[in-house]
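What follows is a set of notes on a single structure, which appears directly below.
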């Protein structure tokens, strides 16, 4: 038993080391995209903080979701945040599963490049939207009479840049249309829908997204319109951005465990080498020559077999 555990631990360690090497190489090629996406997350938080200075509390707008769903209240507002945290952590762990499991379909770095592209595009639309019209916040800390509903003028630029994290993010007001929680949730669900392998988890993910939508409205963190707009906007953004981005390399073929994308220099040298071989009358790839022989008919293959049989009989 001890020997088996030691052998499996050794295999796991080798798998982790091999995957780490692959991901580091991908990170060196894509670090600019990841860094830009992470920086924009700060810019998005800064924009949400800025609109809080413009927020003016007022009577809660008439909302269909508020009529249907009872208000959770301040003491139960943590429920929606708990669900969102579980969604975020679950997706984060899933993106790192190639380091542990044998069955791999994604590269962690490339998936996060894609996810950040979806998030940035959606968040740009969100910033434009909530700065266009400031609605009175429906959440308890954004209503009239709350000290957090209005922010005093900042005393320095540093106060704005620090965005009072995390309190300033949790108790923000004015950044309503459309829901940031739903942006993250739907991007994660749509990404797993495409690259995940478990059908039951995909169905569960969509169910959790619906529950998250209802909890956001029930906790009065957003109006129903904020959630509805997020549903069709994020889906459209992911649909169009996904068509523009290059597809992820397929890891399910099993031919080579570490398939890294070629750089431009490598592609040019490979193309020149192939062209030179073709000019010399040589095949680019022995496997490709074999496929051509099969396309030309059975005569070539039968002739090869005949020569082989003759040689064996002569021996």
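Glycine too: its Cβ is placed from the backbone N, Cα and C atoms.
Source: prediction; values computed, not measured.
According to TrEMBL, the feature transmembrane segment maps to residues 78-97, out of the candidate ranges 58-77, 78-97, 138-157.
Beyond the transmembrane segment (109-131), the same-chain residues lying 6 or more positions past its ends with a Cβ under 8 Å from any Cβ of the stretch are 23, 26-27, 30, 33-34, 36-38, 40-41, 44, 47-48, 51, 95, 174-178, 180, 183-184, 187-188, 190-191, 195, 229, 233-234, 237-238, 241-242, 245, 248-249.
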